[in-house]
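The annotation transmembrane segment is assigned in TrEMBL to B:35-54, B:66-89, B:101-127, B:133-156, B:163-183, B:189-213, B:233-253, B:273-291, B:338-357, B:363-389, B:396-415, B:421-441.
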Amino acid sequence: MNTMPADLVPPPGTRIDVMLLLEGTYPYVSGGVSSWVHQIVSGFADLQFHIVFIGSRPEDYAQPRYQMPKNVVGLTHHYLFSEAVLPPPREWRGDPRTAEVVERLHDELRRKQHAAARAELLARSLKLMREDMTLAYLLHSHESWRYMTEQYQLRCTDPSFVDYFWTVRTMHTPLWTLADLAEQLPPARVYHTVSTGYAGYLGAVLSRRHHRPLVLSEHGIYTKERRIDLFSAQWISDNLPVLERTAGETGYFRELWIRMFESLGQMCYDAADPVIALYETNRQRQIADGADARTTCNIANGIHVGPFAATRTQRPEVPPPVMCLIGRVVPIKDVKTFIRAVRVASNRIPELEGWIAGPEDENPEYARECRELTRSLDLEHKVRFLGFQKLVELMPKIGLVVLSSISEALPLVLLEGYAAGVPAVTTDVGSCKQLIYGLGPEDEALGASGEVVGIADAQALGQACARLLSDPDAYRRAQSAGIERVERYYTQPLMFEKYRLVYEDALARSEARQRGVPDEVGRVATILRGEAPWPAREESA
Amino acid sequence: MAGIGFELRKLLRTESYLGLLRAYTYASIISSGPWVFSIVGLIAIGVLSIGTVYPDALIVQFQVTVTYLIMSSLIVTGGLQLAFTRWVADRLFEKRDRAVVPNFLGVTLVTTAASGTLAWLFAWIGFRDASNLYRVLLIAGFALMSNIWVATVLLSGLKQYRAILLLYAGGYGLSVTLAWALRPLGVEGLFAGFLGGQFAMWFGMVALILRNFPLREPISLECFGRRQMYPELLLAGFFYNLGVWIDKLVFWYSEQTSQHVIGWMRASVIYDLPVFLAYLCVIPGMGIFLVKFETDFVEWYDKFYDAVREGGSLQDIAHYHDRMQETVREGLYQIMKVQTITLLAVYTFVPSLFAWIGISDLYIPLFLVHAAAASFQVMLLAVLNVLYYLDRRREVVAVTVTLTVLNVALSLLSITLGAEFFGYGLALALLGALMLALWLAQRLFRKLEYLTFMLQ
């Protein structure tokens, strides 16, 4: 049994420059986003941060994985699915007028609208939630029951009422508890969320309530990830026999959930300026999902180049014939395709080896399958499972960083490899193309720092690795393109510089707003995109 | 009494009129057996003693004593019976079968201690004119009767209906035999004989319980702990028993309707005999009750909650709700029908029957009112049963308290109004409580789904 982590309450009057809204990450979960947050908080020592951690239930989180930097002045925990926040059940009639408003609200949500109308809707629903439409109203009133059963009969295509009931209830409850949380949080000058979803919704609520800017840095695309989760989720039952399901049919509850996350994401996009993506493909996706293009921009992750650059002197003259996958042994990394690619490449280069550097404990079953595949391909002496490795020690010993993943965002190992002078071969996922071939004419002119192949194409992956390792000229060209690319575009100072700009702009707007000066939409994003500022135009409400 | 359903359903499925008749007869015997045996047993002991025990007043003393014992032990343990049954059901649901018998023994211990102390106080203060043997038998008898109810309730919770019936038949048979054998010793002899049979019956019950559930854990008072038994059930059980007996108390302690019997005990010659006889008229109604409410209702009740739990559509849930409600309506209607027919038959035959037995036909009007009252009681029992199934404990308390209050008030009123109004107090009180229970059940059914889903 672990105890519930304690809140860190800043003394009243404490200046909070940035309130970070984090859903299920820092400081309790280690991984990409968490280490990024830690990087940012540590990097801006002159700003005072307040961290709002949004989790599912207290028992899902153990001890913090990070030592909090000193400039974290506050820490608030909120659990979306904790029973403790629910009002006690009691029979209640409920006000029919409130029911009418709720009905209209849902009708409007179902219709596609423009940003101003959505903002109005959010403001109105927040006001209602504080007045008549309390959480007790949603959970326990006769009116709410009437509305729910009507909607079920009208819309639900899935037979199970109890599932519908709990889906609707589970889905809506966090909106109330988050609105309550927004009331209790101390005011901050700027709000910063690293995802849409519940944290993004909270950001939108806070930003509207205090009339302060909201910054969104999206690492993955939240709604897309939820869509993938929901497709594979076991806990949402379809209640349809397998044979009655048609291919591609998502089931009513999945659609409900996806629609809700889309709505939440939309509210967050509406409220946020800038909307930051890690790389261009994601920025396009944000625009497609409803973000105002003017507010969008990219800030890539940056790495600490120094330690990796120092290893370049240890590199042998001839690149080691080693293709190395750096990552956890899990299905999303598609380690099996990597193993098959080793088979393909070693047919061309007999002394070639394939290394897998990453822990195997997350999915032992998958790891076992990978080892079996290795045996059946007769690669026992060529493929090595290394477990967790210190990358600065590993880099000089390998010839290529290889990613066979089926999904990635902006993989830092590629950048770390570049810094150490190791080119890469990857599948065409996330920002890999951008990292290998460059984005924009200037970047592209640096040349390719490796090669990109199709997902799950072991043949192409193996051939590309063999090509690079057996052609010293091509290898050297890729090596120098990689070094040049990471030093020019993906360093930590560069990332900090861009975020310094974001925070300074947001803090300035925050003060300006208090004086009644409206924002200039997308100012910082436009600068970060490197474009001329948008021509001033009439803001249509 | 859940669980009788399975046996009955088998009988009902035979799809022949004879099978149907057998099912209803079986249900009637199962449900009415115990109290029919007790009434018949008491009367039999009285009849067999005539001519041997002198004066006749001693026979009356014996019968009144036993009646008081039955009444007071039922009222005293009424709450515990209900609350403990529910406690056992909850443990069985948790698959903690082993906890049942240790706690049954704990309840037995507490019941014996509490009822023994209470009876000792009464015997000491209230029965100074009675013999010491009588007083000792009074104390033992009270503790014994209290324990018999607790054991009966556990056995019916464990679905041993047939065994209960056989034990009651055997127990009362032995009581009658022993009382007959000991009648030369006067009221103490009759009393001791009766208690001998009862003790054998209780002993048989405990033996049966221990055979089915071997004792594996030490005796336990867990069920008396905080938040173990529902206080509403304790109240409801107490008030139900008080409510159906309190008119007798009113008549026993009103000067113009009663006379002194022994110690603090008084009896009402005009009131008591018709009451006992009237209860024999509801045997058919009890059969219907068992079939409709413990078999048909439970079937739809189970389907309803299965659909709720396991993801039925709202239409299914509403359908099972309707069927539940229909079963209640139909069941009440059938009880009403069969009781009306029974009462008409009784009305036709009762004068000649009373003449044959040798009871004054002055009793006939009161007997008929009581028979109607007893029919209302069966219906009330049925509706309360529905409320128990749907776990509306507060509503049951409201109904039973109403019954008690109405029964006191209307019985007192009937005494002041005169002899032709005797019995109407009980009948109207039962009717009033029945109406309230029906209204509550109807209100409950209107929002059953809301309550099931939205109050969690």
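Note: Cβ is positioned from N, Cα and C throughout, glycine not excepted.
For the transmembrane segment (B:163-183), the most Cβ-contacting stretch among B:35-54, B:66-89, B:133-156, B:273-291, B:338-357 is B:35-54 (pairs under 8 Å). The stretches the transmembrane segment (B:66-89) and the transmembrane segment (B:396-415) do not meet in space: the count of Cβ pairs below 8 angstroms, excluding pairs fewer than 6 apart in sequence, stays at fewer than three. Within the chain carrying the transmembrane segment (B:101-127), a Cβ under 8 angstroms from the stretch's Cβ atoms is held by residues 73, 76-77, 80, 84, 87-88, 91, 134-136, 138-139, 141-143, 146-147, 150-151, 154, 206, 209-210, 213-224, 262-264, all 6 or more beyond its ends. If one looks beyond the transmembrane segment (B:273-291) by at least 6 residues along the same chain, the residues whose Cβ comes under 8 Å of a Cβ in the stretch are 1, 4, 8, 12, 23-25, 27-28, 30-32, 35-36, 39, 42-43, 248, 331, 334-335, 338-339, 341-343, 346, 359, 363, 366-367, 370-371, 373-375, 377-379, 381-382, 385, 423.
Residues 232-233, 235-236, 238-240, 242-244, 246-247, 250-251, 254, 256-257, 380, 384, 387-388, 421-426, 428-430, 432-433, 436-437, 440 of the same chain lie 6+ residues outside the transmembrane segment (B:396-415) yet bring a C-beta within less than 8 angstroms of a C-beta in it.
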